[in-house]
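> Relevant sequence annotations retrieved from TrEMBL are reproduced here:
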- 21-42: transmembrane segment (TRANSMEM)
- 54-72: transmembrane segment (TRANSMEM)
- 84-117: transmembrane segment (TRANSMEM)
- 153-170: transmembrane segment (TRANSMEM)
- 191-210: transmembrane segment (TRANSMEM)
- 222-243: transmembrane segment (TRANSMEM)
- 255-279: transmembrane segment (TRANSMEM)
Amino acid sequence: GIVYGYQGMQGKIQERKDKPLAGWMYIGILFPIALGLGYLAFNQGILPSVLGPLAHISAATIPVVFALAILLRKGSPISAKRTWGHFLAGLWASPMVAFIIEILAAIPLLIIVFVMLFQEISSQGLIENFTRPEQWTEPYLVSQVQEFTNQPLILFLIAAFLIVFVPMVEEAIKTIGVWPVIRRGFTQHQAFIGGAIAGAGYGLFEAFFLGQPGVTWVPVMIARAGATMMHMITTALTSLGIARARESGRWSDALRYYFVAVFLHSLWNISALGVGVIIL
């Protein structure tokens, strides 16, 4: 499958329209069933080792299939091989590259936060308490750490990282799936569809690995379904911008679409953070 997808992504095939996937839209009715199975497994403790994996795989996959069925309901302007190439690039290549960049960028942020916390702890004479692991769970130390981490500057740095930096990195990297065909040329329609398919792969990766078993599994998987749609839309827009820029010779077109995608992604992250704060 990977070799098949790679060959398609390289454009080593003749483009043709594939059969519409409209019938697959009906798979969307299975999503509530998957959520119900997950609720039984994670909230009620009913056969968690059996129902849990089944529910998780289904809840992660169904929104992707449903969205792609809507997108390709009238057929695809690109071949099946290239479709798989875009999807596999979004599923594996893009998340890995984005993850590495985000981890490397987070190191300076963590150092800054650690230095600020260390200065606060030292100024209040609590450094000795933190050198004794048996006291780390003491209520007064936990409350002190929470107070330190709630400082406006620390909250601002974390929010800026999640709301600004992460969307900028991910919206640039998620277009990896369309990079190999830029030199070969593709229409704006093909770029939009190819980008959406790559975004679907990226969303599936996140749904598989960011949704964790527990009492919050159901709302998290509902949110992940929405995130998949967001990734499809933003990657499609960025890819469309690349195609328009290539046709017009004005790369400002690519930047304009890119920043629109970043803005939409940032809005989604703000909403997700807000919901997370409310739940907690």
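Every residue number used here counts from 1 along the chain in the order it is shown.
Glycine is treated like the rest: Cβ placed from N, Cα and C.
Keep in mind that TrEMBL annotations are predicted by a computer and have not been checked by a curator.
For each feature listed, report its degree of burial, its nearest neighbours and the pertinent distances within the displayed model.
Panel annotation: around the transmembrane segment (54-72), residues 18, 20-25, 27-28, 30-31, 33-35, 37-38, 41-42, 193, 196-197, 200-201, 203-204, 207-208, 211, 213, 217, 221, 224-225, 228-229, 232 of the same chain, lying at least six beyond its termini, place a Cβ under 8 Å from a Cβ of the stretch.
Here the transmembrane segment (222-243) has long-range neighbours at 31, 35, 59-60, 63-64, 67, 71, 90, 171-172, 174-175, 177-178, 182, 186-188, 190-200, 202-204, 206-207, 210-211, 253-258, 260-262, 264-265, 268, 272, 275, meaning same-chain residues at least 6 beyond its ends whose C-beta is under 8 angstroms from one of its own.
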> Mind checking which residues of the chain, 6+ beyond the ends of the transmembrane segment (255-279), have their Cβ under 8 Å from one of its Cβ atoms?
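Contacts with the transmembrane segment (255-279): 159, 162-164, 166-168, 170-172, 216, 219, 223, 226-227, 230, 233-235, 237-238, 240-242, 244.
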> Sort out the residues at least 6 away from either end of the transmembrane segment (191-210), same chain, that have Cβ-Cβ distances under 8 Å to it, and list them.
56-57, 59-61, 63-64, 67-68, 71-72, 76-78, 82-83, 86-92, 94-95, 170, 174-178, 181, 220-221, 224-225, 227-240, 242-243
